[in-house]
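Participant: Mind having a look at this structure? Questions to follow.
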Amino acid sequence: MQLLHSHGSSVSRLLLAGLVLSNSALAVPVQDSPRQYLLAGLDLPPKYTKKAKSPYNPDNKDPLDKAVDAIGDELDPLPYRNGQGASVLGPWNWERSRQSPDLVRPPSTDHGNVNNMRWSFADSHVRIEEGGWTRQTTVRELGSSVDLASVNMRLDKGVIRELHWHKEAEWAYVLDGEVRITAIDYEGGNFMDDLKKGDLWYFPSGVPHSLQGLGENGTEFLLVFDDGNFSEESTFILSDWLAHTPKSVISKNFNLAPEVFDHLPKGEKYIFQGSYPGSLEDEQPSGKNVKKSKYNFSHRMLDQEPKITTGGEVRITDSKNFPISKTIAAAHVTIEPGAIREMHWHPNADEWNFFLRGRGRITIFAAEGTARTFDYVPGDVGIVPRNMGHFVENIGDEPIEMLEVFKADEFRDFSLFQWMGETPKKLVVDHLFKDDPKNGEIFWNKVKSAEKDEVTLPDSAKGIASDSVDEL
Ligand SMILES: *[C@@H]1O[C@H](CO)[C@@H](O)[C@H](O)[C@H]1NC(C)=O
Ligand SMILES: *[C@@H]1O[C@H](CO)[C@@H](O)[C@H](O)[C@H]1NC(C)=O
Ligand SMILES: *[C@@H]1O[C@H](CO)[C@@H](O)[C@H](O)[C@H]1NC(C)=O
């Protein structure tokens, strides 16, 4: 039996180490470790005193297909399900299967072929530049990401992503730090703004722009482009253009002697250390024909008043409250432990999602009896094709924070719960409870006054037990 990697053995090793080693021997304190309980004179929680039974064993019976938090419970998933399966003999990437417990032992409801819908930015190539780096997830990394592509970029203090443009529109979410953005609009109006964590920008197709890290540590952000085929390597860059234009033409264009351009960069600069800028007022171009843009290319998403649901919060930003963002709609969603982003679908676009925090699983129902479950951790990208039914279940012990992004002007979704409640009772009961009128009545009473509750906390999860291993 392959239980070498199980929770029980690693905990007893940890417990032994904690009892034997002195106070100073463990340089890094382990939060919530048995040793800390003992030092504080507290009783050990049950999970440390009895050998927790791993749900990954040959006798496993789980007709409900409950989620297992393999990372939080330090479990190594094994392919045993309801009395079937066998141990592992060959090579096995334990770290990866911990991140994807529902691939190793899929819920018994999964069936058929559904394309891969998950990619981790950790598997993307990182391009390292002066004072920054960038990595991308496009249709080339994640084949199902046809509508949208994404770039994760870091710019240290004063570091510049060079003046450039591209044919795809660019939507961005600031992950941390501060960033200055500049652009000009179609009528030649100038735009500049300083953004912080949780702020957005949107540059329509072809709008030239630049980005620069501010503050002590600069910035990191997530860019989303409205074409899965986008490549960060193929943007139109100022220095690249000038390096590939005859000097005589540059001289004519700017009406200056060719010698003025003797020291232009020999190729693209892309990401490079710039001089630290002054305030927005100080840096405002002051030529006599400069005019301010009448558009606003930025938006404070996290400053929006959220919709409070029973199990979390939802903020929606689309062209209704961020008018320039005509091709990208987005939602910022938090899902408390034990809660679920309810069963729903999006009628107008594929969902491209990004996990900022927490651990979740999504089952994608693709019609024709097919469904497949994927697990996500921070830094992972997921896709749910348009119209496919899905949910996001928080399987960890901390809130999930995620972005749902769509190539659409408006955010739209259909809630299964609400649909049931707004359908005649007889129809609903005939479909689902034909031979079980008693439970049909219970179900109807629950859904009949349904209101949309995007993130639902079930009663069973209120005061959720912190240790899910013991109850399995
Ligand atoms: C991406 O671009 C390539 C090359 O131009 C093309 O063959 C392919 O069909 C495109 N894929 C998508 C999803 O648009
Ligand atoms: C900048 O980064 C350092 C090192 O990670 C950290 O100690 C410091 O708090 C950061 N400063 C800000 C303003 O976030
Ligand atoms: C753009 O709109 C935001 C509100 O989301 C506001 O805080 C910001 O000052 C505006 N920026 C400009 C440059 O008008």
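Glycine residues also receive a Cβ, built from the backbone N, Cα and C atoms like all the rest.
TrEMBL feature annotations, pasted as is:
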SIGNAL    1-27  signal peptide
DOMAIN    120-262  domain 'Cupin type-1'
BINDING   His164, His166, Glu170, His209  Mn(2+) 1 binding site
DOMAIN    299-440  domain 'Cupin type-1'
BINDING   His344, His346, Glu351, His390  Mn(2+) 2 binding site
ACT_SITE  Glu404  active site, proton donor
Participant: Filter the binding-site residues His164, His209, Glu351, His390 down to those whose C-alpha lies within 10 angstroms of the C-alpha of the residue listed as 'active site, proton donor'; answer none if the list is empty.
Facilitator: Glu351
Participant: Tell me, by DSSP, whether His166 (Mn(2+) 1 binding site) is helix, strand or coil?
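Facilitator: Where His166 (Mn(2+) 1 binding site) sits, the three-state DSSP reduction gives coil.
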Participant: Which of the binding-site residues His164, Glu170, His209 has its Cα nearest to the Cα of His344 (Mn(2+) 2 binding site)?
Facilitator: Glu170
Participant: Taking the centroid of the Cβ atoms of His344, His346, Glu351, His390 (Mn(2+) 2 site), which other same-chain residues have Cβ within 8 Å of it?
Facilitator: Trp345, Val384, Met388, Gly389, Glu404, Asp413
Participant: Just to verify a number: CA distance, His346 (Mn(2+) 2 binding site) to Glu170 (Mn(2+) 1 binding site), in angstrom, no decimals.
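Facilitator: Per the Cα atoms, His346 (Mn(2+) 2 binding site) and Glu170 (Mn(2+) 1 binding site) stand 22 Å apart.
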Participant: Cα distance, Glu351 (Mn(2+) 2 binding site) to Glu170 (Mn(2+) 1 binding site), nearest Å?
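Facilitator: Here the two Cα atoms are 17 Å apart.
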Participant: I want the residues beyond His164, His166, Glu170, His209 whose C-beta is within 8 angstroms of the mean position of the Mn(2+) 1 site's C-beta atoms, in chain order.
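Facilitator: Result: Trp165, Phe203, Val207, Pro208, Thr235, Phe236.
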Participant: Please give me the CB contact count at 10 A for His344 (Mn(2+) 2 binding site), counting all chains in the structure.
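Facilitator: Around His344 (Mn(2+) 2 binding site), other Cβ atoms within 10 Å: 20.
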Participant: Which secondary structure state does DSSP assign to the residue listed as 'active site, proton donor', in the simple three-class scheme?
Facilitator: strand
